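Notes to accompany the following structure.
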Amino acid sequence: MFYGHLFISHRSVAAMQVFSWSFVVLVLLSSSWAEVNMSSAEIATLEVDTSQELSVGELLERANRDRSSCVCLAAPDFDEPTLIGGDIAVRSEADRNADPCTSNGCLWLKYTDGKVYIPYYIANHYSDREREIIVRGLDSFSTVSCIRFRPYQNGDHEWLSIESRNGCYSYVGRVGGGQTVSLSSQGCLYHSTVQHELLHALGFNHEQTRSDRDNHILVHWDNIIEGMEYNFYKINTLNQGTPYDYNSVMQYERYAFSKNNLPTMEPIPDSNVSFGKATQMSQNDIDRLNRLYNCCKCNKLYTITSISFSLYSRWGRKKCIFLSLTHEMKKPVHSQLSLELL
């Protein structure tokens, strides 16, 4: 059984009824979307050197350590949202204990062509170089998913307003209107932090808050800064059937919110496992994004006389494959073609 997308190399489907075919089967691993187990270098999609970059958790904690001292480039009188989990914005204190984005109501809408188009506006107080970093992060999603970030247009009712506010933060999921994604010029403009905040905006929470967290992470509550314990509370997260991922760009590092320079988290059963060191999206991050938005949908049937191909996408198990099929036959061919291409 073949798994993947089917691409027909003939000039038209109608011409399949009577003609001679040349039969060539080209099996190419798709570079698109979640089914491809890409190397870490391929996942980057950006020509960005992250070798000297701190982990995303370290960058976020450093940038948000003292938000009150931040010199922000946006208007000085704007209201800053309440933050939970270090960088997750909520509209009010009452929302602090809510489980954000646990239903389809917070997802961005999918269009009839199978893509998810999300308008964005980048504030004009960024330099050209800073804009390049942000745009690279936005564009990195298009090569691994059906997410398409596009510039804001008049008439858009929902969009991401990317601004250099007080630290790095985002709301979780679609909240309506022009929702802020803060990427401060002072410490937030790294590839990993851009991806991290955009994943929040797409509906994802931190890895260490997963409901199955206690099977993989031991939390040392006594080492956490007083008043910051809620950052480690488990919630209903959109795991999409993927395993706990120590390498997720949504996983904080070992000393997050530590009051005494001792670990607040350690992996179990092997405490020596490295975690929270991601500088870009992992394969699991990509897989669960595509599952959540149903990006790679390959249920197709292709029948030529007695030859039948059933093509299915199995998340996390099989690879999407591009197929180009033709066949040399001297007799009329009866064909049935059912395709659902994204």
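The backbone N, Cα and C atoms fix where each Cβ goes, glycine too.
Heads up, TrEMBL stuff is auto-annotated, nobody curated it.
Sequence annotations record features per position, and here TrEMBL assigns signal peptide to 1-34.
The domain 'Peptidase M12A' annotation in TrEMBL covers 97-297. Summarising model confidence by region, the domain 'Peptidase M12A' (97-297) averages a pLDDT of 92.
Contacts of HIS196 (Zn(2+) binding site) defined by a Cβ separation under 8 A and a same-chain sequence distance of 6+ are given as VAL56, LEU60, ASP87, CYS168, VAL249, MET250, in order along the sequence. Feature annotation from TrEMBL assigns Zn(2+) binding site to HIS196, HIS200, HIS206.
Residues annotated as active site in TrEMBL: GLU197. Taking all protein chains in view, 26 other C-beta atoms sit within 10 angstroms of the C-beta of GLU197 (active site).
Take the mean position of the Cβ atoms of HIS196, HIS200, HIS206, the recorded Zn(2+) site; other residues of that chain with a Cβ within 8 Å of it are GLY85, ASP87, ILE88, SER170, GLU197, LEU199, PHE204, ASN205, VAL249, MET250.
Annotation for HIS206 (Zn(2+) binding site): same-chain Cβ neighbours under 8 Å, separated by at least 6 residues, are GLY85, GLY86, ILE88, MET250, GLN251, TYR252. Of all Cβ atoms in the shown protein chains, 25 besides its own fall within 10 Å of the Cβ of HIS200 (Zn(2+) binding site).
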